[in-house]
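Here the structure is laid out as structure tokens; the discussion comes afterwards.
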Amino acid sequence: MPHLLLVRLLTGVFLLISASTVWAHEVRPAIGDLTTADGRLELALSLNAEALVAGVDLDGVTDTDETDSSDRVDALRALSPEEMAERLRAALADVVTALDLRAGDAALTAQIDSIDVAPVGNTDLPRDTTIVLSADLPPAVDTVQMSWPAEYGTLVLRQQGVEDPYTEYLSGGQGSGPISVSGGDQRGALATFAAYVPVGFDHILPLGLDHILFVLGLFFLSPRIQPLLWQISAFTLAHTVTLALGATGVVSVSPAIVEPLIAASIAYVAFENIRSPVMSRWRPLVIFGFGLLHGLGFASVLGEFGLPQDRFLSALIGFNIGVELGQLTVIAAMLALVWVALRVDEGRAKVEAGQTVYGVLIVLFLGAGFLVDRGAMAAVLEVDPIVFLAPLAVLSALCLASVTLVDELAAYRRFVEVPASAVIGLVGVYWVIERVFL
């Protein structure tokens with residue numbers, strides 16, 4: 001039938017768009033461990049050295065394959081550790097200058113102590129490189145600070161060896177601000193809470209594409225509030241438990257195990273949506289189990305970022321609240337998008353109104369993808385906006401099919417819920433294969 005062919009075509013396009021995002025975690029934040037002791041400052045940086053040497057502007061980039069220098073990055077990943085270290089050493093003079101290390105108002109002269117490049121592995125994936133810089137501190141110095149240029153991406157800066165250490169997430173060209181050499185981060189519990197909320201939110205929107213797809217898998221079971229509340233409550237309770245256990249070090253599971261299982265959880269909930277539109281009595285329990293896995297994934301992010309020991313609870317709560325706000329934003333955005341289609345399906349809105357709304361949305365999403373300054377938007381979102389705009393356009397097209405063919409039995413389910421769930425499930429399967437075998 002023509003309308004079924006239309007749905008299959010739209011679903012295929014949606015699948016291709018979604019599959020293009022599977023490498024979205026390739027660019028990871030750099031980690032900076034800062035130590036001040038015995039009159040010296042030491043900064044150990046763990047970063048994507050190949051991107052730095054290739055001159056890739058990492059501001060707003062999540063995958064080096066999205067850049068013009070992707071081939072050069074892959075070639076650098078194929079170099080031996082010794083060859084790569086030599087290339088990196090030649091580029092570090094500019095890096096040291098850009099870091100603008102200071103003690104009070106005095107500029108520090110940093111030297112390169114060591115470069116440690118990991119052995120050659122899968123050249124499609126980044127490898128870790130650690131650079132250790134050091135500088136002499138002037139007498140009686142109270143504070144140090146540094147800059148982190150936007151083109152280097154994001155940096156998790158962690159002070160080491162003191163009580164109440166400074167911890168910060170630097171992006172978009174931010175500077176650290178003064179850091180007390182004796183420790184004693186001056187931020188109170190409320191300020192620490194506020195600082196960690198956006199970190200948690202960012203891990204969902206825009207960076208947590210796997211978590212976004214899982215939440216969408218819950219959403220597309222049924223548009224009714226009760227099943228959604230049961231599912232979200234089970235998921236939230238579970239990931240809060242393992243986030244706390246993982247952050248405190250009580251539970252530790254390798255990401256090599258957790259990440260494929262998270263992908264499998266996406267596939268499971270999505271394909272179960274296709275089997276039945278009714279929430280089974282076991283589904284909240286299954287989602288609780290999957291939530292435990294996702295909490296371990298969140299904990300691994302906090303492990304990289306670090307938590308201030310004397311503000312541990314407020315930072316942990318702030319991060320978790322940020323995660324919840326991100327999830328609720330995803331659900332609210334999806335509900336707003338499909339709202340008119342639901343009302344048409346229930347006979348509470350006119351077909352013509354739905355056709356107008358979704359026709360306009362398709363044009364807006366596609367037009368934004370072509371007309372907006374994607375580079376500027378990527379700098380704000382930290383991902384290419386097409387990652388979101390294209391699927392939104394396709395979902396709008398599915399809603400348009402639903403309102404146009406509303407006389408068909410269960411039009412919203414047939415033309416929106418089932419195709420969207422099928423695509424989410426297939427992407428989950430792809431991620432399982434990619435994370436286990438590729």
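Yeah, the Cβs are placed from backbone N, Cα and C, and that goes for glycine too.
The signal peptide annotation in TrEMBL covers 1-24.
The transmembrane segment annotation in TrEMBL covers 203-221 (among others).
Annotation source TrEMBL lists transmembrane segment at 228-247 (among others). Tertiary proximity for the transmembrane segment (228-247) is limited to same-chain residues at least six positions away from its ends with a CB under 8 Å from its CB atoms, namely 214-215, 218-219, 221-222, 253, 279, 283-285, 287-296, 298-300, 302-303, 307, 312, 316, 319-320, 323-324, 327, 331.
Positions annotated as transmembrane segment by TrEMBL: 253-271 (among others).
Summarising the annotation, TrEMBL assigns transmembrane segment to 283-305 (among others).
Annotation comment: TrEMBL describes 325-344 (among others) as transmembrane segment.
What TrEMBL records for 356-380 (among others) is transmembrane segment.
Residues or ranges marked as transmembrane segment in TrEMBL: 386-406 (among others).
Residues or ranges marked as transmembrane segment by TrEMBL: 415-433 (among others).
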Exercise. Taking residues 6+ outside the transmembrane segment (283-305), which of them lie with a CB under 8 Å of any CB in it?
Worked result: 28-29, 31, 156, 158, 167, 169, 199-200, 203, 210-211, 214, 218, 221, 230-231, 233-243, 245-247, 251, 253, 255, 258-259, 261-262, 265, 268-269, 272, 316, 319-320, 323
For this session: Give the one range among 203-221, 253-271, 415-433 whose Cβ atoms make the most pairs under 8 Å with those of the transmembrane segment (325-344).
Result: 203-221
Problem set entry | For the transmembrane segment (203-221), distant same-chain residues with Cβ under 8 A (at least six beyond the ends) | 18, 21, 24-25, 62, 227-228, 231-232, 235, 259, 262-263, 265-266, 269-270, 272-273, 277, 279, 283, 287, 290, 294, 297-298, 301, 322-323, 325-327, 329-331, 334-335, 381-383, 387-388, 416-417, 420-421, 424-425, 427-428, 431
